[in-house]
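As given in TrEMBL:
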ACT_SITE  B:LYS79  active site, charge relay system
ACT_SITE  B:SER154  active site, charge relay system
ACT_SITE  B:SER178  active site, acyl-ester intermediate
DOMAIN    B:24-493  domain 'Amidase'
Amino acid sequence: MYTTVIGLEVHVQLATKSKLFCGCSTAYGAEPNTQTCPVCIGMPGSLPVMNEEAVALAIETGLALNLQIAKFTKWDRKQYFYPDLPKGYQISQYDLPITHDGWLEIEDPKGAFEPKKIRILRAHLEEDAGKSLHDESAGKGDTLIDLNRTGTPLLEIVSEPDLRSSAEAKAYLTELRLLLTYLGVSDCNMQEGSLRVDANVNLHIPSDAAANDDNAQDGKIATPIVEIKNMNSFRAVERAIDYEADRQYREWKETGRRLGQSPKQTRGWDDAAGVTRAQRSKEESSDYRYFPDPDLAPVVISAEVVAKVRERLIELPADLRKRLVADYGLSLYDADVIVNQGRPTVDYYLTVADGSGDAKSSANWLTQDVLRTLKNRELAIEEFSIPAERLSNFVKKIGAGELPSARGREVFELMADDGLEVDAAMDKLGIAQVDDSEIESLCQELLDANPKVVADVQGGKQQAIGALIGQAKKKNPNIDPGKFRATCLALIAKG
Amino acid sequence: MTLVEQSAADLLKQLAAGELTSRELTQAYLDQIEQHDARVGAFLRVNAEAALKQADTIDRRRGAGEQIGVLGGLPVAVKDLLCQTGEPTTCASRMLEDFRPPYDSTVVAKLKAADAVLLGRTNMDEFAMGGSTENSAFQPTRNPWDLERSPGGSSGGAAACVAAGMAPLSIGTDTGGSIRQPSAFCGVVGMKPTYGRVSRYGLVAFASSLDQAGPISGTVADTALLLQAIAGHDPRDSTSLNAPTPDYTADVDKPLEGLRLGVVKEHFGEGLDPEVDSAVRAAIAAYEAQGAKIVELSLPHSRFAVATYYVIAPCEASSNLARYDGAHYGRRTEERAMLASLQAERKAAQEAGDADALDNIDTALVRMYRQSRSEAIGPEVKRRIMLGAYALSAGYYDAYYLKALKVRRLIRQDFDQAFEKVDMIVGPTTAGPANKLGEFADDPLGMYLLDLYTVSANLAGLPAMSLPCGATKSGMPIGLQLHAPPLEESRLLRAARMFEQSGVWKSKRCAL
Ligand SMILES: [Zn+2]
């Protein structure tokens with residue numbers, strides 16, 4: 001039917017200790033207006049001074065997103081009146097952003113869409129505004145302003161309209177967030193406003209009218225672009241896009257209005273009601289009167305600076321996934337699960353796999369038992385009671401047959417509960433290795449006592465051995481069922 | 001000679017020798033202010049108690065043999081645009097009538113560190129916009145040489161207080177000539193240093209790329225002394241120049257050998273007052289007599305300077321003054337009355353069934369901004385905010401702002417080329433002597449032309465100064481302007497001193 005066309009603008013708070021143009025702290029959650037100074041509250045006469053670390057973090061992100069790093073960039077003022085904007089303008093970057101023209105690859109391990117590169121138009125630095133707190137408790141309707149956040153460095157990452165579904169949009173955001181947290185350039189905490197998303201959405205609808213429409217492509221006409229704001233979770237982004245696509249289709253059928261026939265509209269997402277709502281046309285019409293900030297010198301970024309930042313660039317999620325598939329033989333699905341947990345989990349996995357020499361089994365224990373335990377206990381991997389070296393020994397023991405895999409889970413749980421080494425846990429559970437002669441004598445004893453089973457096996461029904469396994473385990477819980485079965489069959493064959 | 005007629009350099013010698021205390025000196029200036037400022041109106045506020053206390057501290061420290069800063073207890077007046085902790089810093093605007101900065105501007109901090117006695121805050125055109133100090137929201141300042149005339153602007157108070165012997169030294173700011181033009185009108189010495197030589201931190205911005213604080217005083221040596229105290233790199237101002245500060249006071253008396261002086265033909269065209277013309281030509285002849293070589297030059301783009309300035313400065317001003325919104329700083333309109341009138345407007349539109357009118361009524365927030373700014377900002381400042389907002393708006397940006405930036409580069413290029421041929425440019429500071437008060441009340445464009453010879457230095461970022469070089473028959477001072485290449489303040493001061501010593505013109509304080 002129609003194609004949904006989506007471009008995302010993501011605002012990311014950079015993890016600098018101080019603000020973009022002054023020395024104030026960027027820590028979250030302080031008492032209102034305690035992290036301010038004459039500069040960030042725009043006091044008359046105050047002047048901004050650029051934070052070099054914010055520039056370095058922007059370059060680092062740019063390199064990870066395959067963006068071009070500008071050799072020359074500058075600061076511009078974006079002017080508008082708003083109570084939480086103390087200077088009456090925001091210092092941002094307009095025509096010469098610090099980075100431009102790159103891409104991020106998205107891939108769905110479940111195959112819901114083909115892997116694709118989403119082009120990124122630009123990522124530029126800007127300062128954040130403050131926060132308006134509406135105090136209606138006393139029935140006064142007062143608005144109070146908290147300027148702690150004012151001047152916090154943001155990186156605005158603007159994608160091209162390359163996304164075609166809410167699922168792709170979510171995958172893009174997930175991958176972007178993962179990459180940024182891997183780099184450590186942002187904590188991407190949406191509750192604290194460290195990551196905020198606006199979505200530009202419209203539809204391409206096959207129509208006969210396309211023949212005489214300048215904006216039409218491939219026989220499809222485009223609906224007017226809508227910018228959706230105020231989404232505070234990835235789930236909300238998905239829902240808002242799906243809602244908006246449906247709404248635009250209905251509107252198009254009703255009005256036939258196309259791109260170019262009405263200005264870009266801004267709509268807010270009402271999460272509780274599950275709808276987007278038009279904002280007043282006055283609120284959206286804007287002439288920001290951008291011009292270069294005369295208080296800040298343009299920034300020349302030398303090749304040396306870029307090289308220095310490149311040195312601190314670490315292995316990115318996409319590369320890690322490829323390495324886990326190619327060098328560790330994992331499925332893309334498993335690799336994705338591990339990498340998406342974040343770098344500490346990847347490091348944990350690499351230690352377990354390298355130490356045990358069994359990459360696949362290490363992945364199974366990690367993605368199933370470890371992650372489930374962490375989830376139940378609401379722990380981070382760094383807090384887990386089985387360190388990677390210990391799990392590595394555990395996996396190794398199972399692989400070597402020194403620990404019967406059937407009792408592996410018991411041992412694992414004891415290790416997790418009591419923080420024991422694998423040997424200690426096995427001792428505590430009384431798991432001892434049973435030697436071959438002991439197995440053989442137990443087989444002989446049970447075969448002698450069950451001639452029917454022997455006869456059934458000889459008649460071709462090998463599964464009849466199953467009836468003896470329960471008895472064998474009762475006599476010796478450490479018996480490995482596989483080994484027991486194989487030994488019994490060998491004895492019967494010998495006669 | 002009374003204390004207030006002496007030069008700062010002479011007073012400093014007496015202070016250093018223990019022949020004079022800072023308290024005695026400060027008291028002498030306070031007395032002079034007490035006696036005359038009611039007529040002149042140079043000061044917005046004088047804090048006698050604080051000044052005397054500061055003077056006492058310096059005297060006590062000197063008595064104890066402590067090291068004293070370069071200004072050694074000399075009183076200094078500060079234009080009411082440079083933030084000073086706890087002191088109202090009003091910019092002569094109702095908007096900032098109650099603003100008390102919690103911090104010192106770098107200039108004020110440096111004055112304190114140099115052991116100046118901060119005498120008071122001088123009057124100015126509101127937010128430094130104007131050329132006559134009549135655009136102050138609080139009072140006009142009068143020219144001490146003729147109380148019917150303007151002292152010039154926007155640092156009219158800063159120049160008038162020195163001319164009237166109410167301060168030996170004062171700090172002004174110069175965005176398009178605001179130090180040099182009033183210095184010329186009041187017969188004192190004033191310098192706009194190279195852009196970035198003196199920190200702008202704490203200087204309430206009018207046009208950031210043009211604003212520059214600088215010294216005003218009675219003599220060239222005193223100007224060197226005050227510049228010495230306030231110049232230097234400041235990490236809190238990104239546009240501050242990271243260049244060493246020369247020893248201006250030590251160098252000022254060394255004449256310049258083989259000086260090549262540029263005379264710009266565009267400075268002597270139509271509109272130049274004949275008395276100014278002849279005084280300036282006499283000054284040029286005095287240089288020639290001392291061995292300077294005169295080179296005739298052209299600055300072809302200087303005729304666009306005023307137009308360029310009146311695009312760039314208002315653009316920056318419209319942005320810099322946006323922060324005075326009634327929400328964060330300065331005056332807020334009386335909200336209860338505002339909300340009531342808003343409600344009445346809504347009700348009337350509703351009853352008339354006028355949907356369009358209803359839709360056009362402000363939100364409470366927009367009305368608060370609109371009304372607060374409307375009430376607290378004066379007409380000249382409003383005019384410039386509107387000019388700037390218009391020139392920066394979509395569709396006009398390229399035609400005005402961007403074009404002005406290009407012309408600004410050409411103006412700078414003219415100077416660069418000129419300074420390949422000459423060491424200094426000499427000419428008039430203003431086209432005529434001080435105008436009558438009220439002369440430009442209905443002629444803003446006429447006022448803008450007062451900046452004809454001074455704006456180029458701001459657009460090009462060059463150092464320039466004005467010093468007295470004569471007087472009209474009616475006794476009004478005439479200023480001589482010198483321009484030098486960037487960071488050549490030392491050369492400017494030495495050349496100015498050469499003229500001062502030539503004996504062609506002996507400047508004096510006016511008698512009140
Ligand atoms: Zn701050």
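Numbering starts at 1 and runs along the chain as it is shown here.
Every residue, even glycine, has its Cβ placed from backbone N, Cα and C.
Structure with TrEMBL features highlighted.
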residue  : record                               : DSSP (3 states)
B:LYS79  : active site, charge relay system     : strand
B:SER154 : active site, charge relay system     : coil
B:SER178 : active site, acyl-ester intermediate : coil
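By a Cβ separation below 8 angstroms, chain A lies close to none of the active-site residues B:LYS79, B:SER154, B:SER178. Within the same chain, residues at least six positions away from B:LYS79 (active site, charge relay system) with a Cβ under 8 Å of its Cβ are B:ARG121, B:THR122, B:MET124, B:SER155, B:GLY157, B:ALA158, B:SER170, B:ILE171, B:GLY172, B:THR173, B:ALA213.
The predicted model assigns the domain 'Amidase' (B:24-493) a mean pLDDT of 96.
Residues within less than 8 Å, Cβ to Cβ, of the residue listed as 'active site, acyl-ester intermediate' and separated from it by at least 6 positions along the same chain comprise B:ASP125, B:ALA128, B:GLY131, B:GLY153, B:SER154, B:SER155, B:GLY172.
Counting Cβ atoms from all protein chains shown, B:SER154 (active site, charge relay system) has 35 others lying within 10 Å of its own Cβ.
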